[in-house]
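Note sheet for the following structure.
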Amino acid sequence: MLARHGPRYGGSVNGHSDDSSGDAKQAAPTLYIFPHAGGTAKDYVAFSREFSADVKRIAVQYPGQHDRSGLPPLESIPTLADEIFAMMKPSARIDDPVAFFGHSMGGMLAFEVALRYQSAGHRVLAFFVSACSAPGHIRYKQLQDLSDREMLDLFTRMTGMNPDFFTDDEFFVGALPTLRAVRAIAGYSCPPETKLSCPIYAFIGDKDWIATQDDMDPWRDRTTEEFSIRVFPGDHFYLNDNLPELVSDIEDKTLQWHDRA
(Lines of atoms letter the chains of each structure in order from A and count residues from 1; the text may use other names and numbers.)
(Lines give C-alpha, C1' and ligand atoms only; values in the text may rest on other atoms or scores of the structure.)
Protein backbone atom coordinates (compact mmCIF):
# COMPACT_ATOMS: atom_id res chain seq x y z
CA MET A 1 0.00 0.00 0.00
CA LEU A 2 1.35 3.41 -0.94
CA ALA A 3 2.19 5.84 1.83
CA ARG A 4 0.04 8.94 2.18
CA HIS A 5 1.92 12.22 1.91
CA GLY A 6 1.85 15.52 0.06
CA PRO A 7 1.03 15.76 -3.65
CA ARG A 8 3.55 14.09 -5.95
CA TYR A 9 2.50 16.00 -9.06
CA GLY A 10 1.90 19.58 -10.07
CA GLY A 11 -1.43 20.94 -11.18
CA SER A 12 -4.89 21.45 -9.77
CA VAL A 13 -6.59 18.96 -7.48
CA ASN A 14 -10.25 18.94 -8.45
CA GLY A 15 -10.09 19.66 -12.13
CA HIS A 16 -7.98 19.54 -15.26
CA SER A 17 -4.63 21.28 -15.06
CA ASP A 18 -3.86 23.83 -17.76
CA ASP A 19 -0.15 23.35 -17.17
CA SER A 20 1.20 21.83 -20.37
CA SER A 21 4.84 21.80 -19.30
CA GLY A 22 6.83 18.71 -18.38
CA ASP A 23 6.55 15.03 -19.10
CA ALA A 24 3.00 13.69 -19.41
CA LYS A 25 3.95 10.93 -16.96
CA GLN A 26 4.39 13.58 -14.27
CA ALA A 27 0.80 14.76 -14.67
CA ALA A 28 -1.44 13.68 -11.81
CA PRO A 29 -3.96 11.04 -12.89
CA THR A 30 -7.56 12.19 -13.15
CA LEU A 31 -10.35 10.03 -11.74
CA TYR A 32 -13.76 10.61 -13.32
CA ILE A 33 -16.58 9.78 -10.91
CA PHE A 34 -19.95 8.63 -12.30
CA PRO A 35 -22.90 8.87 -9.86
CA HIS A 36 -25.60 6.26 -9.38
CA ALA A 37 -29.06 6.50 -10.92
CA GLY A 38 -30.76 9.52 -9.40
CA GLY A 39 -27.49 10.83 -7.99
CA THR A 40 -25.65 14.03 -8.80
CA ALA A 41 -22.06 15.21 -8.60
CA LYS A 42 -22.84 16.80 -5.22
CA ASP A 43 -23.62 13.38 -3.76
CA TYR A 44 -19.96 12.41 -4.24
CA VAL A 45 -18.31 15.37 -2.52
CA ALA A 46 -17.46 13.32 0.59
CA PHE A 47 -16.14 10.51 -1.60
CA SER A 48 -13.95 12.93 -3.55
CA ARG A 49 -12.57 14.59 -0.42
CA GLU A 50 -11.22 11.28 0.89
CA PHE A 51 -8.55 11.26 -1.83
CA SER A 52 -5.16 12.87 -1.43
CA ALA A 53 -3.93 15.57 -3.79
CA ASP A 54 -2.07 12.88 -5.75
CA VAL A 55 -5.25 12.14 -7.71
CA LYS A 56 -7.44 14.75 -9.38
CA ARG A 57 -11.15 14.08 -9.01
CA ILE A 58 -13.93 15.16 -11.34
CA ALA A 59 -17.49 14.09 -10.56
CA VAL A 60 -19.63 13.95 -13.70
CA GLN A 61 -22.87 15.92 -13.77
CA TYR A 62 -25.17 14.14 -16.20
CA PRO A 63 -26.70 16.20 -19.03
CA GLY A 64 -30.17 17.49 -18.22
CA GLN A 65 -29.91 17.12 -14.43
CA HIS A 66 -28.86 20.66 -13.48
CA ASP A 67 -27.87 19.51 -9.96
CA ARG A 68 -31.30 17.96 -9.33
CA SER A 69 -31.82 14.46 -8.06
CA GLY A 70 -33.45 12.05 -10.47
CA LEU A 71 -32.31 10.36 -13.64
CA PRO A 72 -31.18 12.37 -16.64
CA PRO A 73 -33.10 11.96 -19.91
CA LEU A 74 -32.06 8.49 -20.99
CA GLU A 75 -32.89 6.58 -24.15
CA SER A 76 -30.01 4.12 -23.80
CA ILE A 77 -26.75 3.82 -21.89
CA PRO A 78 -24.58 4.11 -25.05
CA THR A 79 -26.48 7.21 -26.23
CA LEU A 80 -25.96 8.96 -22.90
CA ALA A 81 -22.31 7.85 -22.90
CA ASP A 82 -21.87 9.55 -26.29
CA GLU A 83 -23.23 12.80 -24.83
CA ILE A 84 -21.01 12.58 -21.76
CA PHE A 85 -17.91 11.77 -23.80
CA ALA A 86 -18.52 14.77 -26.05
CA MET A 87 -18.93 16.92 -22.94
CA MET A 88 -15.75 15.58 -21.28
CA LYS A 89 -13.33 15.52 -24.22
CA PRO A 90 -12.14 19.13 -23.89
CA SER A 91 -11.04 18.46 -20.28
CA ALA A 92 -8.29 15.96 -21.10
CA ARG A 93 -5.27 15.98 -23.37
CA ILE A 94 -4.60 12.78 -25.25
CA ASP A 95 -1.60 11.89 -23.05
CA ASP A 96 -3.21 12.75 -19.70
CA PRO A 97 -3.64 9.60 -17.56
CA VAL A 98 -7.27 8.97 -16.63
CA ALA A 99 -9.21 6.44 -14.56
CA PHE A 100 -12.92 5.88 -14.09
CA PHE A 101 -15.15 5.07 -11.11
CA GLY A 102 -18.86 4.35 -11.45
CA HIS A 103 -21.42 3.32 -8.85
CA SER A 104 -24.53 1.35 -9.86
CA MET A 105 -25.84 2.85 -13.16
CA GLY A 106 -22.74 5.01 -13.11
CA GLY A 107 -20.69 1.86 -13.59
CA MET A 108 -22.36 1.17 -16.94
CA LEU A 109 -21.83 4.75 -18.09
CA ALA A 110 -18.24 4.85 -16.84
CA PHE A 111 -17.48 1.64 -18.73
CA GLU A 112 -18.94 3.01 -21.97
CA VAL A 113 -17.14 6.33 -21.61
CA ALA A 114 -13.87 4.56 -20.76
CA LEU A 115 -14.26 2.56 -23.98
CA ARG A 116 -14.61 5.82 -25.90
CA TYR A 117 -11.52 7.27 -24.24
CA GLN A 118 -9.61 4.10 -25.08
CA SER A 119 -10.73 4.19 -28.72
CA ALA A 120 -9.65 7.83 -28.95
CA GLY A 121 -6.14 6.91 -27.80
CA HIS A 122 -6.23 8.22 -24.23
CA ARG A 123 -4.21 6.62 -21.43
CA VAL A 124 -6.83 4.77 -19.37
CA LEU A 125 -5.15 3.51 -16.20
CA ALA A 126 -7.97 1.59 -14.55
CA PHE A 127 -11.73 1.13 -14.34
CA PHE A 128 -13.35 0.87 -10.90
CA VAL A 129 -16.90 -0.46 -10.89
CA SER A 130 -19.09 -0.41 -7.80
CA ALA A 131 -22.38 -2.25 -7.16
CA CYS A 132 -23.02 -2.69 -10.88
CA SER A 133 -23.78 -5.94 -12.67
CA ALA A 134 -21.64 -6.79 -15.67
CA PRO A 135 -23.10 -6.24 -19.16
CA GLY A 136 -25.42 -9.09 -20.04
CA HIS A 137 -25.86 -9.99 -16.36
CA ILE A 138 -28.10 -7.14 -15.25
CA ARG A 139 -31.01 -8.27 -13.16
CA TYR A 140 -34.70 -7.43 -13.60
CA LYS A 141 -34.94 -8.27 -17.28
CA GLN A 142 -38.63 -8.76 -16.46
CA LEU A 143 -39.09 -4.99 -16.12
CA GLN A 144 -41.04 -4.91 -19.36
CA ASP A 145 -43.79 -6.84 -17.56
CA LEU A 146 -43.98 -4.52 -14.54
CA SER A 147 -46.62 -1.85 -14.16
CA ASP A 148 -45.53 1.78 -13.91
CA ARG A 149 -46.12 1.76 -10.16
CA GLU A 150 -44.17 -1.46 -9.67
CA MET A 151 -41.26 -0.11 -11.67
CA LEU A 152 -41.15 3.15 -9.72
CA ASP A 153 -41.19 1.14 -6.51
CA LEU A 154 -38.16 -0.77 -7.75
CA PHE A 155 -36.48 2.51 -8.69
CA THR A 156 -36.91 3.91 -5.17
CA ARG A 157 -35.25 0.81 -3.73
CA MET A 158 -32.39 1.07 -6.23
CA THR A 159 -31.70 4.74 -5.55
CA GLY A 160 -32.68 5.21 -1.91
CA MET A 161 -35.26 7.88 -2.80
CA ASN A 162 -38.18 8.50 -0.44
CA PRO A 163 -41.08 6.33 -1.73
CA ASP A 164 -43.61 8.81 -0.32
CA PHE A 165 -42.82 11.10 -3.25
CA PHE A 166 -44.57 8.69 -5.59
CA THR A 167 -47.86 8.66 -3.67
CA ASP A 168 -48.57 12.13 -5.08
CA ASP A 169 -50.29 11.77 -8.47
CA GLU A 170 -48.73 14.93 -9.91
CA PHE A 171 -45.27 13.84 -8.87
CA PHE A 172 -45.97 10.36 -10.22
CA VAL A 173 -46.88 11.72 -13.67
CA GLY A 174 -43.76 13.87 -13.65
CA ALA A 175 -41.69 10.82 -12.80
CA LEU A 176 -42.91 8.76 -15.74
CA PRO A 177 -39.80 9.58 -17.82
CA THR A 178 -37.92 7.68 -15.14
CA LEU A 179 -39.61 4.52 -16.37
CA ARG A 180 -37.91 4.79 -19.74
CA ALA A 181 -34.60 5.34 -17.98
CA VAL A 182 -35.00 2.30 -15.73
CA ARG A 183 -35.91 0.15 -18.74
CA ALA A 184 -32.84 1.46 -20.57
CA ILE A 185 -30.66 0.48 -17.62
CA ALA A 186 -32.19 -2.98 -17.41
CA GLY A 187 -31.76 -3.48 -21.15
CA TYR A 188 -28.10 -2.48 -21.29
CA SER A 189 -25.70 -4.90 -22.89
CA CYS A 190 -22.77 -4.88 -25.31
CA PRO A 191 -21.00 -7.44 -27.51
CA PRO A 192 -18.95 -10.00 -25.56
CA GLU A 193 -15.78 -9.02 -27.42
CA THR A 194 -16.02 -5.45 -26.09
CA LYS A 195 -13.18 -5.10 -23.58
CA LEU A 196 -11.02 -2.52 -21.88
CA SER A 197 -7.25 -2.84 -22.10
CA CYS A 198 -6.86 -1.57 -18.52
CA PRO A 199 -7.47 -3.50 -15.28
CA ILE A 200 -10.98 -3.68 -13.84
CA TYR A 201 -11.51 -3.59 -10.08
CA ALA A 202 -14.97 -4.35 -8.73
CA PHE A 203 -16.46 -3.45 -5.35
CA ILE A 204 -19.71 -4.61 -3.77
CA GLY A 205 -21.60 -4.78 -0.48
CA ASP A 206 -22.18 -8.22 1.01
CA LYS A 207 -25.89 -7.49 1.51
CA ASP A 208 -26.53 -5.95 -1.92
CA TRP A 209 -29.51 -7.66 -3.55
CA ILE A 210 -29.54 -5.41 -6.63
CA ALA A 211 -26.08 -6.40 -7.87
CA THR A 212 -24.67 -9.58 -6.32
CA GLN A 213 -21.14 -10.91 -6.48
CA ASP A 214 -22.28 -13.42 -9.10
CA ASP A 215 -23.66 -10.54 -11.18
CA MET A 216 -20.39 -8.60 -10.93
CA ASP A 217 -17.87 -11.41 -11.37
CA PRO A 218 -18.32 -11.48 -15.19
CA TRP A 219 -16.68 -8.05 -15.34
CA ARG A 220 -13.48 -10.15 -15.49
CA ASP A 221 -14.42 -10.93 -19.10
CA ARG A 222 -14.41 -7.22 -19.99
CA THR A 223 -10.69 -6.62 -19.58
CA THR A 224 -7.48 -7.87 -21.15
CA GLU A 225 -5.66 -6.94 -17.94
CA GLU A 226 -6.08 -8.04 -14.34
CA PHE A 227 -9.39 -8.21 -12.48
CA SER A 228 -10.34 -8.38 -8.82
CA ILE A 229 -13.49 -8.04 -6.76
CA ARG A 230 -13.59 -6.78 -3.17
CA VAL A 231 -16.57 -7.29 -0.87
CA PHE A 232 -17.40 -4.71 1.80
CA PRO A 233 -19.98 -4.96 4.58
CA GLY A 234 -23.19 -3.23 3.57
CA ASP A 235 -25.99 -2.94 1.03
CA HIS A 236 -26.22 -1.27 -2.39
CA PHE A 237 -24.84 1.93 -0.86
CA TYR A 238 -22.10 0.19 1.14
CA LEU A 239 -19.62 2.92 0.13
CA ASN A 240 -21.20 5.44 2.52
CA ASP A 241 -19.94 3.42 5.49
CA ASN A 242 -16.63 2.34 3.97
CA LEU A 243 -15.24 5.49 2.36
CA PRO A 244 -11.69 5.47 3.83
CA GLU A 245 -11.02 1.83 2.92
CA LEU A 246 -12.65 2.10 -0.52
CA VAL A 247 -10.90 5.33 -1.50
CA SER A 248 -7.54 4.08 -0.22
CA ASP A 249 -7.85 1.02 -2.44
CA ILE A 250 -8.86 3.06 -5.50
CA GLU A 251 -6.12 5.64 -5.01
CA ASP A 252 -3.39 3.07 -4.41
CA LYS A 253 -4.29 1.11 -7.54
CA THR A 254 -4.58 4.25 -9.66
CA LEU A 255 -1.14 5.46 -8.61
CA GLN A 256 0.43 2.04 -9.00
CA TRP A 257 -0.75 1.79 -12.60
CA HIS A 258 0.25 5.40 -13.24
CA ASP A 259 3.78 4.64 -12.03
CA ARG A 260 3.99 1.56 -14.26
CA ALA A 261 3.10 3.52 -17.39
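A Cβ is built for glycine as well, from the same backbone N, Cα and C atoms used for every other residue.
Pulled from Swiss-Prot, these are the features on record:
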type: REGION; residues: 1-24; note: region 'Disordered'
type: ACT_SITE; residues: Ser104; note: active site
type: ACT_SITE; residues: Asp208; note: active site
type: ACT_SITE; residues: His236; note: active site
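Cβ neighbour count within 10 Å across all protein chains ranks Ser104 highest among the active-site residues Ser104, Asp208, His236. Asp208 (active site) and His236 (active site) have their C-alpha atoms 5 Å apart, to the nearest angstrom. Looking at Ser104 (active site) and His236 (active site), their Cα atoms lie 8 Å from each other.
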